[in-house]
Amino acid sequence: MRESPVWAVVALPFALALLVYAAAALDAVLAGGGFRDPLYEGVRLLVQQRRRTLAPDRLLTRIGVVALPLAAVLGAVVVPLGGRAVADLTVGVVWFNAMEVVVWGAVWLAGWGANSAYGLVGGYRFVAQGLAYELPHMFALITAALGAGSLRVDEIAHAQGGLWFAVWMPVAFAVYLLSAVAMAFWGPLGHPAGNDLAGGAAVELTGPDRLVFLAGRYLLLVVAAAMAVPLFLGGDGGPLLPGWLWTLLKTGAVLAVLVWSRQWLPALRMDRFMTAAWTVLIPATLLQMLVVGIVVLD
Amino acid sequence: MQTFAFWALAAAAVGTGVAVFAVDSMARATFSLLASFLCVAGLLLLAGLQYLGALVVLMMVMEMLVMAVFMIMYMMNPAGLMPMTMVHNRRGALLVSGGLFAVMAAGILLVRWPERRGRPPADPTADLGMALMGPKMLVMMVIGIAILATMIASVVLAVRGGRYGRAEGDGAGGDGANGGGAG
Amino acid sequence: MGVREVLARYAAARPRPFVVAAADGTRARLAVEAELRRRGWRAAASPAETGLVVVCGEPGAELAEAVEVVWRDVPGPRARVDLPGGTSPEDVARALDGAVERLADLDAQRSDAQARAAAGFWTPESADEHEGMGHGHAEMGDEHGGMGNGQAGMGHGHGGHDMGGHAHHMGAPAGLAMAERADDRDGLRLDVLHVPLGPVLNAWPAGLRVDLSLQGDVVQAADVTVVERGGGGSFWGGRPVARRLDSVGRLAEVAGWPAAARRAAELRDAVLDGRSPGLDAFARWIGRSWALRWMTRGVGTVTPELAGRYGLPEGDVAARLDGWLAQIDGRAVPRDEPSGAALAVLPELLDGVELGEARLIVASLDPDLSGGADA
């Protein structure tokens, strides 16, 4: 691990908070509301009483609710969002992957713990979704690492001096974006928290619990978008502007696309998507990896 | 600081491990086991083995979640919320685990551990990869892909009718095993 | 004190209303949806999410009871608005303004919470020890989030009495009975959950209840009940295009496509106002969505045999959606379809599908119960 300057530690929470608010506000505006809606909604949930269901497992529900933003923040420490990563691990990519898998547990617990049939089904759905997106997602991550010959996020970013990985690994980039919305169970891959289940895994969350859970989901979306920048979009590289600003701008652009995807597509159900993920996406990412491997060996 | 973290994580790992048998719910047992593994992952990270640590987190969360799904499938309801004891055959289990513990503890105390020579490498991950795979990298990669392809193909063949058994529209039937079982 | 009031006012400024429609409440529901759109308020999908319950129309006895169960579970601060069938848009706006006032009224909310805690129907998190007070029926309502009618959640029947607290071991938690079990399609013996869909549920046809027996998320059996019908003629009589837009909007909502649902609602209201802007473009937009087609193809297929038996057109959810879109953009003659056949075929279509598919199938048949019994 390399030592990071103190300002990277200070900058990260600010950058995350800013982007989370921007994502929530953009979603509200796209849905016909105003850009101050997340603020109103946040206060509303803060002052709302909690309600209880019959025979819940409150401890596990709380653990699930809190684990969601926690996993996102822990994943964010390897992302150079404020210019430099807070902890530039030698295996940053694997760490990010591991933290994102913690979300499986978080969502499942939150859905299961309320003892509600809808929440339970929502929890199931997320595990099924995880099994569908995880392998293509891993292959996409490894492809970027292979291109740079390193698992360190910083080195991957700086291996793209000439050409962004997004340009010559388009399949891996597309799969990464898809899995970014999948890990945040957002928009087209938001079936675990779908409207057909009246909110799915989050159906019984009230008050501060719901606030933390929803904020955690936006946080995941932000971290996933921020990770796309060093992996595929050349990190902080760019003309004229300072590096940190480029990082922020690129992250914002990816984030906007992810948030907007909710307007673009209906929810993809896993009983259909699973087949496509395993028979199309996995071979496609493997082929992409083969191509990248050959180029790198050359 | 490191020493403190080590002991805290070690104690938490043992404590959550004990909790697996002390709690009265399947889900809590599953997730205390997971917590125990996560503490072990923390210990690995503390030892500078970042790759192994991250991998343990990754694998264990997935594993426990798949286990939880099966638990929900097979256990009597309400969906694992039913209190039940986590130990069966208490005496036999105690005997076996006590014996096992004694053997392993004896092993730790009796084995002559080698002295450290040299320094830890700058990038243990790369060294680990070389040590594990080294010259056989190509073979391992090919085998890995082959296993994956086999897995996917067998799953696709086994559930030809789709997960819900009726994706090809075999119409309304009973609720028996008339779906993918024939595949 | 000042801070609290400011916060309460802030929190009340953008409620997330949970809209419940009775069979005769279509007109009021449309007025409410239009008003919410005008104000930029987003509707809640579940009672847990909301603080404001809006009841459209005059519910019959059973629906009223279901609404009561939902209302009992709505976390405070809360307000309820009842809008009878013939409500004007001005009435709706006034009622919602009044609700905002009540939501921000700290004293009233506090006494409401105290009254509820004292009554024991609903126990706030802090008042833990009230568990097992014996209001069995109310507890059941808690359990499945008031999504149904408070009768059977998770398959335990009417439990909830004589709960012994946490002392149970190897016994039933909170006095709940064990689920019954049945064979699933792979020959495993798995639990069966009884989950009612409706009559109080988001994006759900008013007045309908479907009792599902679920194994996991797969429907093993479905029982369709008409909870209530509006008296007299259907609201949609003579407004087939608007009705189809309403149906498409509900289907889009269930399919997880809120943007399409919002657009459908806008167009529906425009058509009811006598305008028809951009119907072709809308039909093209929805019709061309490969993802929606992918997710609806082969779901809820009415086979030739079923079609003959019930007098319905053949086809799956995608085909029914295409039929609606053709009526919307004028490629086909708009027509009123009787809902009796849809109700009759539902149990057979729902057998063996996933819960999400079940919602799509119901939305794609969209039985209209706002009129009296039809042929």
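Note: Cβ is positioned from N, Cα and C throughout, glycine not excepted.
A TrEMBL annotation is a machine prediction, not a hand-curated record.
Annotation source TrEMBL lists transmembrane segment at A:6-30, A:59-81, A:101-121, A:133-151, A:163-186, A:218-235, A:241-261, A:273-297.
Long-range contacts of the transmembrane segment (A:133-151) within its own chain (CB-CB distance under 8 A, at least 6 residues past either end) are made by residues 90-94, 96-97, 101, 159-160, 165, 169, 171-173, 175-176, 178-179, 182-183, 189, 231-232, 277-278, 281-282, 284-286, 288-289, 292-293, 295-296.
Away from its own ends, the transmembrane segment (A:273-297) comes close to residues 128-129, 131-133, 135-136, 139-140, 142-143, 146-147, 149, 168-169, 171-172, 175, 178, 189 of its chain (Cβ-Cβ under 8 Å, at least six residues beyond either end).
Between the transmembrane segment (A:163-186) and the listed ranges A:6-30, A:59-81, A:101-121, A:218-235, the one holding the most Cβ pairs under 8 Å is A:218-235. Looking at which of A:6-30, A:101-121, A:218-235 has the most CB pairs under 8 Å to the transmembrane segment (A:59-81), the answer is the stretch A:101-121.
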